[in-house]
């Protein structure tokens, strides 16, 4: 929709770069703050607790393992079905009155230390201990500083309050309750990460070729006008200036500053209504992106070319093609349906469709004019990513980026400015996700490389695009390798992508002796006709 579409895409891109990290969910928590010593040095692992009521399979709960005691079985088939018994007294701070013969004892938190409870439960004949927290959250169970008896032979798992009370109520109603306790490992590679990689690389690939094609078509059109009349050329140049938005150095710096301010605001005031606002903004951007991509795709077919070339004036939007008018209602309905049903299990498909088309549209409309702007933008984003994922923990005691992206304080499943795919072969389930910024920001540099190659008439081997695209793919691959090595902890993807992509571009430009041209002039320009006339006169 012309300049309105460019403005819309630019506004959406501001919101999208805030979230620049990859995440798969924390299963193992390496905590260097909680005290460690021999006998009390386990990692805090999440534990699956499937239950059976009177022999019928029921709910599955998730608990957290203790710092002490033996590690839990990782294979479900090797974990025993064991009956649960309620401790008497409930806090298990003294020897239980009921006789235990290998049952799992269910106790309440409080009155004495965790290790005291575990020692007493083991002495009473329990095979494991489930501790009911007095909150719905989980708590890390550690050894007290002055405790010496930490040689504990039974595993200890904490359950959230609601889960523990459900089990307790079933037992009090004379039901036979049994559970399994096991902590499966997350697979090193899940197919979700492969598809996310393909989606990210494919989005940049499509957007780069689209951007380069429009730049070349514009250059060809300008050359034709250059031969015909200089006035027509200048008018066309001014008219076409609103077709895309060029980022300046100042804008690149302010972009990241504004993103940081907005991220803190989201963190401080995160609530369900705030997420609803983000959903609305995402839907508006998604409609623009889906409509732009559909119109461009359908225009390639002979049956739709006539509708794409006939325009009608629409109030506020200006001249709009008949094809745009035809596809826009479908795009609006698609986005609204996703917004309404975004909590269903397959809603990620609609989110990814809207997200990919919006990313491609932004990369088509928003451009960097030279390598200098690209370097400033990616360098600032590199520092931004590291700060809000890692360094922010020192001030806020948690990673601001991860908390906001997961929507921890909103009661929602997370913010929509992400591509996500369910982890199909992961026993823990969940989603693998990547922030839009991890695609858009390096994608701007990759798209610039292809525009430069085409306008400078470089082939694929002698140009920069192949190298930049390969570097991005490798950087993203390294991100997922780091993600798996860190047991699913959120990773700042730009920490790996920027050195690969920007480093490759700068090194290659320097080696070829073209760095100065790339740094200042950027894409080759069509010379002004008045300059050509002056040159011919001087000759």
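Keep in mind that glycine also has a Cβ here, set from the backbone N, Cα and C atoms.
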Checklist outcome for this item: Among 150-171, 172-193, 194-215, TrEMBL marks as transmembrane the stretch 194-215
Item to check | Range annotated as transmembrane segment in TrEMBL, from 373-391, 392-410 | outcome: 373-391
Checklist entry - TrEMBL lists transmembrane segment for one of the ranges 220-240, 346-366; which is that range? => result 346-366
Checklist entry - Pick from 124-143, 464-483: which stretch is listed in TrEMBL under transmembrane segment? => result 464-483
Item to check | Range from 243-267, 346-366, 428-452, 464-483 with most C-beta pairs under 8 A to the transmembrane segment (373-391) | outcome: 243-267
Checklist outcome for this item: Per the Cβ under 8 Å criterion, with at least 6 residues separating them from its ends, the transmembrane segment (194-215) contacts 22, 243-244, 296, 352, 356, 359-360, 363-364, 367, 419-421, 432-434, 438-439, 442-443, 446-447, 449-451, 453-455, 465, 469, 472-473, 476-477, 480, 523
Next on the checklist: With Cβ-Cβ distances below 8 Å as the criterion, list the same-chain residues six or more beyond the ends of the transmembrane segment (464-483) that contact it, or say none.
Outcome noted: 22-24, 189, 193, 196-197, 200-201, 204-205, 208, 438, 442-443, 445-446, 449-450, 452-453, 458, 489, 491, 493, 495-501, 503-505, 508-509, 518
Item to check | Residue counts (helix, strand, coil, in that order) that DSSP gives for the domain 'PA' (91-167) | outcome: 17 helix, 14 strand, 46 coil
Item to check | Within-chain partners of the transmembrane segment (346-366) [C-beta distance under 8 Å, separation at least 6 from its ends] | outcome: 5-6, 9-10, 12-13, 16, 199, 203-204, 206-208, 210-211, 214, 243-245, 247, 282-283, 285-286, 288-290, 292-294, 334-335, 337-338, 416-422, 431, 436, 439-440, 443-444, 447
